[in-house]
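Peer 1: Below is the structure I would like to discuss, written out as structure tokens.
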Amino acid sequence: GVTGGELGWNSRVGLWVGTEGHWGSPTPRLQYLLEPLYEVVHAQRGATVTLPCVLRARPPHYKVKWSKVEPAELLENIILVTNGAQHKTYGQLGGRARLRRGHRNDASLTIAGVALEDEGRYRCQLVNGLEDESLSLTLTLDGVVFPYQTSQGRYRFNYFEAKKACEEQDARLATYQQLYKAWTEGLDWCNAGWILDGTVHYPIINLREPCGGRLLLPGIRTYGAKDKQKDRFDAFCFTSAVRGQVYFIQGHLSFKEAGQACRNQGATIAKVGQLYSAWKFSQLDRCDGGWLADGSVRYPITIPRTHCGGLPDPGVRSFGFPNKEQRTYGTYCFTVK
């Protein structure tokens, strides 16, 4: 007869993979854990989200272990372990995690105050002697990817500097999946940038000579993995909807005066990620350049028009990093709702 395959956990890719099986082999089915109706859970930043994991029945002696799979580090970070009666949490994420306990067989994980870094793959494992079972779920945040470089020009970040730069702008380094999705939605950028797993890419829609030539098809160009300490590129950052409001103050302000103008209204000068979020999720559309927290001047356009940059597609336009003493621009402020 046809021999059946077995499932093994591949920590590199964060997936269950078949081993020793043949085509047509029956997939081993979960006995105690219910198959989830969906494998992807969507959430917004700051919200509370529940990752479902329900037992059909409770084995005599068991534990349920929740962990987050980190492909970039090739490891799993334990979040919570329970024996049905008591549970213990671990790490930074564990401080915001609890069991839902909707009923006695409910081992679902609830995470409060969802943050950008919470996105990724999670694993619910039933530890039951020889009958261990596991299921995995992916938590995704709706967001926007933006390219980012320093005031000194392009290709100045090593990996760790790129990671820090994104975090300083209310964002994080994008994953490959986020960059790919952004490309399908129109991101076209000729400068290569770091992403979260330490690889370097750039997304091309409009073919042109300086960006890989005209012979290749549109797509994500890749440089592969690079030396995180020595190699230098730009960054692709990811941010999501934020519970706050970005608004514009008209004026002819220096960078210092711009920050003070926001503080006078109980707000802070907006970060680049906050402006992109307001453009993407609140349809902020303003033809006026304004200072941002990193010293750059930008403005968000959702309805393209000739006198607002002249480009045919929506986007956040940039005037770069002007002299901070220059009194030409207003400022974008951010206030928490």
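One is the number of the first residue shown, and numbering goes on along the chain from there.
Using N, Cα and C of the backbone, Cβ positions are placed for all residues, glycine too.
TrEMBL entries are annotated by machine, without manual review.
Reproduced below are the annotations present in TrEMBL:
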| type | residues | note |
| --- | --- | --- |
| DOMAIN | 28-140 | domain 'Ig-like' |
| DOMAIN | 144-239 | domain 'Link' |
| DISULFID | C190-C211 | disulfide bond |
| DOMAIN | 240-335 | domain 'Link' |
| DISULFID | C287-C308 | disulfide bond |
Peer 1: Based on Cβ atoms within 10 Å, give me the single least packed residue among the disulfide-bonded residues C211, C287.
Peer 2: C287
Peer 1: List the residues of the same chain that sit at least 6 positions away from C308 (disulfide bond) in sequence and have their Cβ under 8 Å from its Cβ, in sequence order, or write 'none'.
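Peer 2: Result: C287, Y299, I301, R317.
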Peer 1: Return the average pLDDT for the domain 'Link' (240-335) as a whole number.
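Peer 2: Mean pLDDT, the domain 'Link' (240-335): 96.
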Peer 1: What residues, ordered by sequence, lie under 8 A Cβ-to-Cβ from C190 (disulfide bond) and sit at least six positions away in the same chain?
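Peer 2: Y202, I204, R208, P210, C211 - these are the non-local Cβ neighbours of C190 (disulfide bond), listed in sequence order.
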Peer 1: For the domain 'Link' (240-335), jot down how many residues DSSP puts in helix, in strand and in coil.
Peer 2: 20 helix, 31 strand, 45 coil
Peer 1: What does DSSP give as the helix, strand and coil breakdown of the domain 'Ig-like' (28-140)?
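Peer 2: Its residues fall into 7 helix, 52 strand, 54 coil.
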